[in-house]
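Heads up: the structure comes next, in structure tokens.
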Amino acid sequence: MSQNGKVVKAGLGYTIGNYLIQGLNFLTIPIFARLLTTADYGIYNTFAAYESVLFIIIGIAIHTSYKNARFKYKYESEAENSEYNFESYVSSTMIMIVVNALLAFVILNAFYPFFHNILSLDRIELILLVMYSFGAAVVQCFNSNAALNYKYQSFLKVSFINAVGNIGLSLIFIFFMFKNNRYMGRMLGTTLTIFVISVMIVISFLRQKRPNHVKEYLQWGVNYSLPLVPHGLSQVILSQFDRIMINKMINSASAGIYSFAYNIFTILLVTYQSLDNVWAQWFYERMNEKNYTAIKKISGLYVLTLFIFTACVLLVCPELILILGSAKYYNSIYCAIPIIVGGFCSFLYLIPSGVEYYYEKTKYIAIGSVSAAVLNIILNYIFIKKFGYIAAAYTTLVTYFLYFMFHFAFARKIQGFHLFNNKVIFSTIIALLALDFLTIFLVKLIIVRWIMAIVLFGVYLLYEEKRFGIAGRFVKSKLHR
């Protein structure tokens, strides 16, 4: 199979498979939305937000080093009898994650009163937090490793088992063991599944290649990834901290409504992350070839395609909320609309950040992300207090746009010239901002919004057909049989 064919197949595999897996989660959103009170929903999502922080600390963002380590150390079969190879690098990173998780377990328990007062989690919940974070760090490394060779089947297998186990155990715990504290059933179901999977992954990596030269590997790996820890924490602040602030400044019910709006954005996030698994590896390969023309051309098509998809979801998101939730989540419509636009800007960040990762300029990534996160906290503190939880959606939009702009500027500085199709990128941002306000204005006019979505998608299909002629070739092949 050609390289382009391999990339396209992997992209489709990641996206379609992810939707099939996430489809299970989407189908259970109405179930958990009804089983959990808005307060329970807010408590669980706050727990998940804490996990997003501890996961980064335990993993030290070491998975981000895999793409560069792949070219630095090479696979054992390519390493020409070198004592250093990529497989032993990966197993060495597993040792580091295990040690970090044990340290986190000891520290959180040794200083339990302090962390209990800050996080409002009891001892059992803190232990679950460490287990969940450890599991997430290991699974993230597994996924990054699989993406290097477009091995989407391995990624999908682990993701499917995690999704089914997560949902199944959560429902069992909620119905039979934690009827009065249903958020605990959800926590246990989520945590135990990913923890068991992660232990099996660690054993598999260690059996594949025993770790050696651990000190040398981790010295390079940590030097690469450590600046990305503040970057990762900043991403958590941008995506999760608003829920924590709403929970503290207003109440857990408001945090639950706001969190539900984020579930609609998950539809888009699945697509963004699936395609980025393929885009990132393809980008590295083209950068190695110095094929900048291909990067500029494909980046424009990539952004345009995801703009159309995002715009269509934006136009129909009020109905998605009513279908997946219930009347008690109706106000989340006014959060979901700006969150979707901000989320598109977070996707755009992935494009210029590839330059920073490629040249190992991770300090620039940290600077841009921390700046955006600090701004997000300040804006949230000011506007949540003044306008309520819906204001957090708009502060998220503003900070995600600035987040993208920071990294766009840094990529230009590092590369020395504009590598991407800027005309398409900024046109889609302006168009989506306009569509944000239009959707709010037309929120009661369901038919008008759906017609707009269908027309927009139809025009895009005609444009793609004009460029590639896929449907035309298919019809001709059928007629000539």
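Positions of Cβ are set from backbone N, Cα and C atoms, glycine also.
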Please find, within the list 124-143, 224-243, the residue stretch that TrEMBL describes as transmembrane segment.
124-143
Residues of the parent chain within Cβ reach of the transmembrane segment (329-352), under 8 Å, 6 or more residues beyond its termini:
33, 38, 238-239, 257-258, 260-262, 264-265, 268-269, 272, 276, 279-280, 299, 302-303, 306-307, 310, 313-314, 317-318, 321-322, 389-390, 392-394, 396-401, 403-404, 407-408, 410-412, 419-420, 425, 428-429, 432-433, 435-436, 439-440, 443
By a Cβ-Cβ criterion of under 8 Å, what residues six or more beyond either terminus of the transmembrane segment (423-441) are in contact with it?
299-300, 303-304, 307, 310-311, 314-315, 317-318, 334, 337-338, 340-341, 344-345, 348, 351, 397, 401, 449
Restricting to CB pairs under 8 Å, which listed stretch, 86-112, 124-143, 155-178, 184-206, 257-280, is in contact most with the transmembrane segment (47-66)?
124-143
Could you give the residue numbers and ranges of same-chain residues that sit at least 6 residues beyond the transmembrane segment (389-411) on either side and whose C-beta is under 8 angstroms from one of its C-beta atoms?
238, 242, 245-246, 250, 254-255, 257-258, 261, 331, 334-339, 341-343, 345-346, 348-349, 352-356, 361, 364-365, 367-369, 371-373, 375-376, 379-380, 383, 419, 429, 436
